[in-house]
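Let me begin by presenting the structure, written as structure tokens, before commenting on it.
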Amino acid sequence: MIGIIGGTHILEIKVLKDVEETRIETPYGTAEIDVGRVDGIDVAIIQRHGKRKDKPPHRINHAANFYALKSLGVKYVIGMGSVGALREEYSLPSLIIPHDYIDFFSGVTIYNDSLVHVTPGFDEYLREVLVEVARKISSFPVIDKGVYFQTRGPRLETKAEIAMIKSFADCVGMTAGSEATIARELGLSYAIVCTMDNYAHGIKNQSIDYREIVEKAKENARECLKIVEEAVKKVWEEKIQRT
């Protein structure tokens with residue numbers, strides 16, 4: 001079984017067959033998961049903001065989500081996300097598969113009662129799969145590496161914050177760093193493909209409208225999911241079916 005974690009629109013795009021909605025109790029809380037099949041492959045999908053879309057980024061229970069996936073036998077987790085572009089030269093919409101991230105603020109961990117230090121990062125195998133698939137089938141420009149800067153949310157960033165972080169990163173979002181950290185702590189492989197749906201605050205001389213960002217993300221989510229579906233098939237063939 002392969003895990004998929006997506007944003008607010010993933011469950012609106014009907015990709016799963018034989019869907020079973022389930023709630024899994026974990027040591028970190030309850031996770032809601034849709035289990036089903038994509039092209040005959042067993043997958044487990046989590047909507048990171050909850051079925052009711054009522055969990056803002058700073059309140060997502062990443063530990064419960066990833067622990068629940070692991071309890072189902074998932075070893076590989078592919079994320080989908082929406083990010084703001086930190087480079088004026090990027091065209092919109094684009095896809096970016098980040099190779100690293102900066103997350104100074106979330107502090108997420110499963111190790112609250114023990115002293116354990118992991119070396120965080122995205123899984124390079126999954127990243128390479130996403131890059132290969134995106135280059136082959138995406139109709140969007142593909143940015144095959146970049147640094148993802150995670151802010152706490154739920155508010156958007158100030159112009160001053162963007163002016164600072166654009167020196168260190170290529171895109172800005174609110175969840176992928178936390179997901180990558182928890183995945184690594186639980187021994188799961190994780191990488192993410194993101195749609196660039198807007199320019200971050202101050203990158204271009206234009207106002208930022210959250211409702212417009214949401215609409216753009218919804219429009220572009222299908223392209224992102226197309227990549228994820230093909231990546232799921234490739235991971236299944238190369239890493240699961242052969243074992």
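Every residue, even glycine, has its Cβ placed from backbone N, Cα and C.
What Swiss-Prot records for T8, R48, H49, T175 is phosphate binding site, and it gives sequence analysis as the kind of evidence. Taking all protein chains in view, 24 other C-beta atoms sit within 10 angstroms of the C-beta of R48 (phosphate binding site).
Here A200 (substrate binding site) comes close to G84, A85, L86, E157, I162, K166, V172, I208: these same-chain residues lie at least six apart in sequence, with C-beta atoms under 8 angstroms from its C-beta. Per Swiss-Prot, the feature substrate binding site maps to M174, N198, Y199, A200.
Residue density at E157 (site 'Important for substrate specificity'): 22 other Cβ atoms are found within 10 A of its Cβ, drawing on all protein chains shown. Look at Swiss-Prot and you will find E157 (among others) tagged as site 'Important for substrate specificity'.
Under the heading site 'Important for substrate specificity', Swiss-Prot lists Y210 (among others), citing sequence analysis as support. Counting only same-chain residues at least 6 apart in sequence, those with a Cβ under 8 Å from the Cβ of Y210 (site 'Important for substrate specificity') are L156.
When the Cα atoms are compared, Y199 (substrate binding site) and T175 (phosphate binding site) turn out to be 18 Å apart. Looking at R48 (phosphate binding site) and M174 (substrate binding site), their Cα atoms lie 11 Å from each other. Binding residues for substrate (M174, N198, Y199, A200) extend across at most 15 Å, taking the greatest CA-CA distance. Secondary structure from DSSP puts Y210 (site 'Important for substrate specificity') in a helix. Fewest other C-beta atoms within 10 angstroms, among the binding-site residues T175, N198, Y199, are seen around Y199.
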